[in-house]
C-alpha cells in the first residue's frame, strides 16, 4: 500500500516529534534536512507515533481474536455442530474462545464459583483475597479481604445470602454477601483449611484440613458441633450430597471416603486411585450414569449387578477421573485422557456430561454414556485449578495458576 503525499507528510512530522521528545536531536536535524521539513513541529503531532503504534497492536489483537473465532466457527460448521438455537440446553457445552478473561488477582486462583442468584462469579486466590466479577460484562465489582493467607475454597448457601471461605490461615469465615461484612470467624483446625461447603439446609458448614480432620460448624453460633476422623493424611476436599445425609471427602492418603452426616460413621473407603485425590463431586440424580458402565468395568465378584447410586466422581494426581457407585462401593469406570493432575470436576446441569480441569492447562468435556472425551479446550497458559458450571445460564468459569479467571459461553 502506497501512502499519499499528505499521509507521508503527517508520518514524517510524527516521526520528527518522536525523535524530538526522546532527545534524538542529531537524528532529528538530519531527518528534517533529508525530508525538507520546515520550522517547528505542530503540537497536534505530539505523541502521534506512539498512539498509532498502540492502536495497530490493539487492532492486531482484535483481528487475531476474530480469526480464532472464525476458525472455530468454520470447524464446527464443517463438523456439523448445531448452533445453540438448535440444541437442547442439556446439550450445551463450553466452546472457545473464552467470552472474557478477568484480570486482577496477584497470585494463582484456587477456586471459582457462580452465585446461585446474581449474575456474578466469585474467585478465591493465594493472594489472600476473594474477588467478585460480573460474568456477563466481565467487569470487576469488588474485593473481599479478611484472610491473612491463601484462600483455599469458597461456598454459597442455597439462597446466595451467605458466602463461606476457608484459608491456609487455619480459619473459616462467614460473609454476608449483600453487605460483604464478615459475620464470624471459626477457629478449630490445626493446619491449612483446604475446603468448605454448606449443608443444603444452610444451617451448617463443613470444612476439611491438612490436620486430617473434617469438621461441621453451626452457622448461627460458629461452634464446631461434629468432627469426622479417619483420613491418614491431608484432606483435600469435602462435598455434601443433595439431601445433606452424606459427605464425600478425598485426601493425600489416596482414598475417597463417604461419611454419614448424622452418625459420623465412615460408610465407605474407596481406594483405587494411585496418587493424591484432589477433588470430588456428587452426581445429580438425573446424571446419565446408570447404564454407562458395562460388566467389563466391574471388579470380580460384582455379579454384574447394577447399582442404583448415588454416584460420586473423583479426580486425582494419577491423571484419572473415577466414577463410583456409592450403593455398591464399586468404581463404575475410569476416564483417562488428561496429561497431568486433575484439579476440578463438575457435572453438567443436564446430567449428560462431566467437565474437568487439569494441570495440563485444559478444560475437558466427557460424555458419560460413552465414557469418552468429546471436547478439549486449551483453557489457560498455566495449570487449570478450578471450574464451575452455572446451574441455569449457559456459562462455565475456570481459574488458573496464570492468575486469570475465564468465562466460557456454552452452545
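Cβ coordinates come from backbone N, Cα and C, glycine included.
Annotated domain 'LisH' per Swiss-Prot: 7-39, in sequence order. Taken from Swiss-Prot, the feature coiled coil applies to 54-80. According to Swiss-Prot, the compositional bias 'Basic and acidic residues' annotation covers 77-89. As annotated by Swiss-Prot, region 'Disordered' applies to 77-96. What Swiss-Prot lists as repeat 'WD 1' is 104-145. As annotated by Swiss-Prot, repeat 'WD 2' applies to 146-187. What Swiss-Prot records for 272-334 is repeat 'WD 5'. Look at Swiss-Prot and you will find 337-376 tagged as repeat 'WD 6'. Summarising the annotation, Swiss-Prot assigns repeat 'WD 7' to 379-411.
If one looks beyond the repeat 'WD 2' (146-187) by at least 6 residues along the same chain, the residues whose Cβ comes under 8 Å of a Cβ in the stretch are 107, 110-111, 113, 115-118, 122, 124-130, 193-198, 200, 202, 205, 207, 209, 217, 219, 222, 224, 237.
Averaged across the repeat 'WD 1' (104-145), pLDDT for the predicted model comes to 98. Helix, strand and coil content of the repeat 'WD 7' (379-411), in residues and according to DSSP, is 0 helix, 19 strand, 14 coil.
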